[in-house]
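Now, the feature entries from TrEMBL:
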type     : residues : note
REGION   : 37-72    : region 'Disordered'
COMPBIAS : 42-58    : compositional bias 'Polar residues'
REGION   : 92-114   : region 'Disordered'
REPEAT   : 225-259  : repeat 'PPR'
REPEAT   : 260-294  : repeat 'PPR'
REPEAT   : 295-329  : repeat 'PPR'
REPEAT   : 330-364  : repeat 'PPR'
REPEAT   : 365-399  : repeat 'PPR'
REPEAT   : 400-434  : repeat 'PPR'
REPEAT   : 436-470  : repeat 'PPR'
REPEAT   : 471-505  : repeat 'PPR'
DOMAIN   : 619-702  : domain 'Smr'
Amino acid sequence: MASNLSAAPDFRLTIPQSDKRRPIFFTATIRKSSIKKRLPISCNSSQSSPKTSQNLKESPNPKNPSLSDQLKPLSATTLSTTKDQRTHLLSKPKSTWVNPTKPRRSVLSLQRQKRSPYSLNPKVKELRLFAQKLNDCDSSSESAFISLLEQIPYPLTRENALLILNSLKPWQKAHLFFNWLKTQNLFPMETIFYNVTMKSLRFGRQFELIDNLANEMVSNEIELDNITYSTIITCAKRCKMFDKALEWFERMYKTGLMPDEVTYSAVLDVYAKLGKVEEVLSLYERGVASGWKPDPITFSVLAKMFGEAGDYDGIRFVLQEMKSVGVQPNLVVYNTLLEAMGRAGKPGLARSLFEEMVESGLTPNEKSLTALAKIYGKARWAKDAMELWERMRSNDWPMDFILYNTLLSMCADLGMEEEAERLFEDMKRSEHCRPDSWSFTAMLNIYGSGGNASKAMELFEEMSELGVDINVMGCTCLIQCLGKARRIDDLVRVFNVSIEGGVKPDDRLCGCLLSVVSLCEESEDANRVLTCLQQANPRLVALVRLIEDEKTSYETVKEEFRAIVSDTAVEARRPFCNCLIDVCRNRNLHGRAHELLYLGTLYGLYPDLHNKTVDEWSLDVRSLSVGAAHTALEEWMGTLSKFVHRKKELPEIFSAHTGTGTHKFSRGLANAFASHVEKLSAPFRQSEERAGCFVATREDLVTWVQSRSPSPITS
């Protein structure tokens with residue numbers, strides 16, 4: 001029978017609203033406004049004794065009784081002091097009210113089982129030695145393991161079993177021991193036994209076994225606590241079984257059990273890896289509203305998600321949230337944010353964040369410095385990158401291979417030869433970061449881009465002396481450099497040494513050899529290079545022979561060209577076509593060059609070659625070689641001449657774009673194009689406003705066409 005209080009205490013639960021400073025990203029409001037609810041309290045009592053209340057002292061203030069006074073008659077009527085009555089009480093009675101004078105227990109605190117005080121157990125040392133014997137026994141023999149269990153030095157109590165289970169390192173043995181325990185029926189298999197076993201299985205990424213144990217717990221009505229769910233979910237995440245992680249997370253929520261910090265972070269990471277941004281943000285808000293305080297790992301997950309998406313606003317949201325919840329970023333979070341800003345293309349913000357990290361007292365590690373160096377290299381901030389390197393040296397910040405090679409690659413991209421040589425020499429003096437194959441490759445790339453064949457060959461000889469194997473990229477850079485310098489003997493030797501060293505030619509190396517063929521003025525040199533190319537790509541050599549033969553029909557060239565392009569990597573198809581056009585122009589086969597340009601356009605190798613608007617028609621040759629750019633200009637001028645003769649409607653402006661970069665070695669196309677424009681007496685002039693751009697007006701073009709013979713371009 002329920003015994004009601006004379007006056008129900010008024011309990012108020014107030015849930016604070018979301019911080020107004022937090023940006024609104026969500027479709028539904030998760031945090032509620034203040035909720036006020038009156039909760040009547042009743043207790044079940046086995047006996048009723050209304051007379052007892054008359055014997056109690058009256059409250060000093062009967063009109064406004066205190067909470068303790070209200071509960072006195074309740075305790076007198078329901079709480080018995082006799083032994084018999086105490087036995088009927090639940091072992092874990094559920095609390096009806098919370099003492100407001102004590103801090104409220106966090107909803108996220110783990111309900112961990114109490115563990116035995118092993119330090120007071122004199123048998124611990126012997127049991128741990130026995131566990132070590134189990135660890136050392138043959139893993140492949142289950143029978144040997146079971147036989148050894150018969151030698152346990154003490155009776156297997158609950159505490160002793162837990163100690164041994166915790167001490168077993170291989171997941172296979174932990175699983176065997178747990179299964180053996182179940183067959184002994186010495187004591188109930190509680191939640192803690194399953195949790196310890198699952199953690200060992202998680203280390204071995206054995207999600208299927210963990211899933212089976214969890215379902216076994218459900219079948220046997222064994223409680224799954226926070227640790228159980230957290231172990232299941234994090235193991236599924238490690239095994240990249242994201243659907244299973246989310247499935248168990250939903251099951252956890254349905255039981256009314258609140259996730260802990262580890263589980264929240266794991267599920268956020270799962271949603272992020274699946275690209276479910278809305279679910280990530282919704283779960284984040286739900287967790288914060290329930291009392292969860294995000295940790296640095298959580299913000300690292302959010303930063304990585306927004307960074308991979310290139311979402312700058314999302315990165316700002318992470319920074320604002322960290323400040324609003326009072327979380328100081330650690331080195332992991334800063335590194336993740338730096339990588340995210342690199343993907344988002346925000347070098348200025350990355351630099352500011354790096355300075356904030358240093359000012360906070362954190363010492364950058366290799367990952368921080370590599371991320372910033374990559375950002376500077378991508379943004380072509382050469383000065384900032386070299387200043388960063390000087391700070392590394394003066395502050396004795398950690399340097400590794402990846403960081404050195406990142407800086408060297410940046411120098412190669414920007415043509416910074418002297419700075420690269422200083423870095424390279426610094427690596428040679430280093431005790432732990434001596435140049436490896438990639439370091440030498442970066443230097444070969446720098447010397448190759450600058451046409452410094454002598455230094456490139458010296459570097460190659462040094463690699464041979466040190467026993468550093470050249471890779472396919474280094475071989476490509478060196479052959480390109482030697483080809484430009486017309487050092488064919490060295491080129492052939494480098495190629496043969498590389499092949500003997502295990503280098504497998506790829507399409508990029510084949511394209512490099514083909515470009516050297518286009519540069520050879522002597523047929524003997526061209527044939528020697530083609531002999532090298534024959535070892536790498538015989539079909540490509542056969543196509544070269546076909547296009548050099550003027551008797552070969554266009555249809556034959558078309559079929560062979562299509563077959564080779566289909567078997568070539570996408571990124572190498574256009575370079576192949578460019579080089580074949582260059583070979584034709586070098587052999588004075590201009591008609592064949594125009595055929596190949598047409599085929600390249602037909603098969604989508606030059607998608608942005610021509611652009612038209614109402615006011616301007618343009619030719620974009622930035623992705624073409626010099627010979628291909630000359631061919632494209634001739635083709636375009638021939639087409640425009642036909643339009644003028646046919647009195648077609650023309651725009652006001654015509655432009656040709658060769659491009660110009662910050663790399664000091666990448667300006668040859670503009671100069672070669674200007675020379676060809678002058679040779680054709682075409683009405684284009686270099687634009688003063690736009691570098692690498694040649695412009696002509698409609699009037700200039702019409703005048704030029706009318707002053708030329710009917711077929712002036714391709715003759």
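Glycine residues also receive a Cβ, built from the backbone N, Cα and C atoms like all the rest.
Note that the coordinates shown come from a computational prediction; the quantities given were computed from them, not determined experimentally.
With helix defined as DSSP H, G or I and strand as E or B, the repeat 'PPR' (471-505) counts 26 helix, 0 strand, 9 coil.
Long-range contacts of the repeat 'PPR' (436-470) within its own chain (CB-CB distance under 8 A, at least 6 residues past either end) are made by residues 401, 404-405, 408-409, 411-412, 415-417, 420-421, 424, 427, 477-478, 480-482, 484-485, 487, 490, 494, 497-498, 501-503, 663, 665. Residues 437-438, 440-441, 444-445, 447-449, 451-453, 456-457, 460, 464, 512-513, 515-516, 519-520, 525, 528-529, 531-532, 535-537 of the same chain, all 6+ positions outside the repeat 'PPR' (471-505), place their C-beta atoms under 8 angstroms from a C-beta of that stretch. Mean per-residue pLDDT, taken over the repeat 'PPR' (225-259), amounts to 90. Tertiary proximity for the repeat 'PPR' (365-399) is limited to same-chain residues at least six positions away from its ends with a CB under 8 Å from its CB atoms, namely 331, 334-335, 338-339, 341-342, 345, 347, 350-351, 354, 357, 406-407, 409-411, 413-414, 416, 419, 423, 426, 430, 433, 662.
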